[in-house]
């Protein structure tokens, strides 16, 4: 039952991506429209029909996506815009009720996950569909507008939208290749595994440091959790959910400290024409350091 | 040469640090890791395909996009902006703290607006600047500090509350990565374990902002 429902949900995602791919092909002003369209259509096929394809074929399609990205053939291009005046008028009409679909989505997702046997993933799907129907009923949006906004949103997400899944995939490849075992062996030569506090400090600080270097906590999470989080904290008895959740937010402390996270720390400098290029990071540094220490304490006391 | 398979980690670190295309860096790292660990090309393709399929839950957030797109068209951003605009005649810290609360509450319901572009630059910074100017004349350095602080508050609220929504990319990534690493962690578990950090952030940043007000009181008597 759950598996079948999930196949339907993934097929729906496949349709969203096919819509984005079709529109990306049609965007004549985008010099990379063939690459971008191919990117979305490959994903559409994997999501809609992946269950009926051999896995090596899916692997090959991912390598094609990697090649498209390598040669800069995936770009968002121009998207349909929101009419600001109409949005302002709609804002007057709906007021705070326009947040209702978002609230319904969160509540339905959690209720399905908690009170039915369908689980969290199906819950997200049911929540999203319920919320979409609600917003359509509320606004009486014509089908054409639903289509336009769907393709606008999916295309605007672009290649970064698939990055979390690719990073999780990389984590699985690391596991299959035994990377975690090897790094654990290497670090164990320097620091002893078995001390809970040493493990927690090592994991949280490594998450923050690697995030600073890479500028991306998601990427650091896949690597550092396999290499340090599992052998030094979870294998020592740390509760996996607590360790993983706090590990990720420890990484965010690194995001607050690094010019590598350009979206968060350099974009506002440019947007606001600030004189000090490190001005945002300087305001964030005290909080980042306090929160890192707090999170080390939280992980140590809550996970064991 | 067992250590060659660690080259994948080097590629990820260097590639992200040098701002190479992220998608390409991740795929290349996966290929290099697999091949140096002794897999054949066919095993590599199979491992990659299987891993991508089992990690599909991470991309479930795509299902939320049509609804968010429509809500945006019908004034989601404008309603929020109008609401915040009503907060005139407040101290700098009150505006910053209310914005922080709004941002964290948005995180709970999966509403992730691009805060820096849509709120900080056009709204929060000008309002905080106006609130501070009532108290004393501002130097260019003060104004730069206010800009930095407003941007920082947006990042605090955005980062430490996004794990409170079950369908956020980060929650799904955590859950799926842990599954790949052979530990079962459900999205709901990630959400509940993220509540303490979100609350601590709220409290610490609240105090931090209240202290910021002092900067604009101190010289009032001297003028």
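One-based numbering along the chain as shown.
Cβ coordinates are placed from backbone N, Cα and C, and glycine is handled just like the others.
Please treat TrEMBL annotations as automatic predictions, because they have not gone through curation.
If you look up TrEMBL, you'll see A:40-71 (among others) marked as transmembrane segment.
Taken from TrEMBL, the feature transmembrane segment covers A:94-116 (among others). Residues 122-124, 126-128, 130-132, 134-135, 138-139 of the same chain lie 6+ residues outside the transmembrane segment (A:94-116) yet bring a C-beta within less than 8 angstroms of a C-beta in it.
Per TrEMBL, transmembrane segment is recorded for A:122-141 (among others).
Tertiary neighbourhood of the transmembrane segment (A:162-180): same-chain residues 43, 62, 65, 218-219, 221-223, 225-227, 230-231, selected by CB-CB distance under 8 Å and a gap of 6+ residues from either end. Residues or ranges marked as transmembrane segment by TrEMBL: A:162-180 (among others).
Here TrEMBL flags A:186-210 (among others) as transmembrane segment.
Here TrEMBL flags A:217-235 (among others) as transmembrane segment.
Look at TrEMBL and you will find A:241-264 (among others) tagged as transmembrane segment.
Here TrEMBL flags A:285-303 (among others) as transmembrane segment.
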Inquiry  = Can you work out which residues elsewhere in the same chain, 6+ from the ends of the transmembrane segment (A:285-303), have a Cβ less than 8 Å from its Cβ atoms?
reply    = 196-197, 200-201, 203-205, 208, 233, 238-239, 242-243, 246-247, 249-250, 253-254, 256-257
